[in-house]
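Novice: Sharing the record's features from Swiss-Prot:
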TOPO_DOM  1-64  topological domain 'Extracellular'
TRANSMEM  65-85  transmembrane segment
TOPO_DOM  86-92  topological domain 'Cytoplasmic'
TRANSMEM  93-113  transmembrane segment
TOPO_DOM  114-133  topological domain 'Extracellular'
DISULFID  132-209  disulfide bond
TRANSMEM  134-154  transmembrane segment
TOPO_DOM  155-175  topological domain 'Cytoplasmic'
TRANSMEM  176-196  transmembrane segment
TOPO_DOM  197-223  topological domain 'Extracellular'
TRANSMEM  224-244  transmembrane segment
TOPO_DOM  245-260  topological domain 'Cytoplasmic'
TRANSMEM  261-281  transmembrane segment
TOPO_DOM  282-308  topological domain 'Extracellular'
TRANSMEM  309-329  transmembrane segment
TOPO_DOM  330-367  topological domain 'Cytoplasmic'
């Protein structure tokens, strides 16, 4: 049987039903305990073994990537969260969204060491069934929570710049906290099936941790892609296009603030394009492929490798978000430089959000 990668990107056809847990399994075949035959797809174990193996070089590269990602993301998001909490008195919507974004990143960063061990061990999962489920749950929780928090930041910027006066009552810290709480609940409930479905299989002395959607090869998977990614992505792009159009139409905003607005747009969209778009495009192709069947071994190998690479890019989000904080949140940048350099930067007192008024169009906010 293939020792294929466990994380969400390197999924096989719906074989998450396969499970080896001692006496819990109902059958045994060639040393592999499996679930009842009705739960297994027509993709044979032999085909998976031939087409989906990872090489030692791939394991080393993936492990090295996750090690670097873990260090950068842990340091960056821990520092960011500390600064945001310390500055909680600012009470701005953007501060609230950024703080929750840092929490989402940390929820995934803390389980990255399990991936390191998995790859350094040659695709062997030594942590057990529960840890396997929890790792996949936190992976998806971080990814989709991050996507929606970035969308909230985009919508908040749109209201602050394009409708500064009309949005005063709507853009309140309390509403931002409620929106974040709602998103946490929705994403956690959506990912909850990963906590209750079997996720490990064993062949000989090697345990593989699989993280799959049960509906991976069904219409439900495509609906999930549309709701969980396409909608927030289109919303984010639309908000920023409207912001750019308003700035180009001559709104009374200082040149410096216009530059900051454009910079934030570029960084957020870059995070989407680098971290999330490749993964979801590849996953769409993967879902459609396993609905059609009949692909060659070479095609299956390419799809599996693409899944692993795009999953790495998704995890990179945790390391890129602190860079976004540094370039788009002036107060974060000043606080970080003061902390690291031991001296204050020159310039006006920084703030995540200034006062909103009709002449400035609230452009002095979190940009």
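Cβ coordinates come from backbone N, Cα and C, glycine included.
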Novice: Examine the transmembrane segment (93-113) against the transmembrane segment (176-196) and state whether at least 3 Cβ pairs sit under 8 A, considering only residue pairs 6 or more apart.
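Specialist: In this chain the transmembrane segment (93-113) contacts the transmembrane segment (176-196) - 3 or more Cβ pairs sit under 8 Å.
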Novice: Taking 10 A as the limit, how many CB atoms besides its own sit near the CB of residue 209 (disulfide bond)?
Specialist: 25
Novice: Check the transmembrane segment (261-281) against each of 65-85, 134-154, 176-196 and return whichever range has the most CB pairs under 8 Å.
Specialist: 134-154
Novice: Of the stretches 65-85, 176-196, 224-244, which racks up the most C-beta pairs under 8 Å with the transmembrane segment (134-154)?
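Specialist: The stretch with the most close Cβ contacts to the transmembrane segment (134-154) is 176-196.
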Novice: Checking distant contacts: for the transmembrane segment (176-196), what same-chain residues at least six beyond its ends satisfy Cβ-Cβ under 8 A?
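Specialist: Residues packing against the transmembrane segment (176-196) from afar: 93, 96-97, 100, 133-134, 136-137, 140-141, 144-145, 148-149, 152, 156, 211, 213-214, 224, 228.
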Novice: Looking only at the topological domain 'Extracellular' (114-133), what is the mean pLDDT?
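Specialist: Value for the topological domain 'Extracellular' (114-133), mean pLDDT as a whole number: 84.
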Novice: Quick check: in three-state DSSP terms, what is residue 132 (disulfide bond)?
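Specialist: In the DSSP reduction, residue 132 (disulfide bond) maps to helix.
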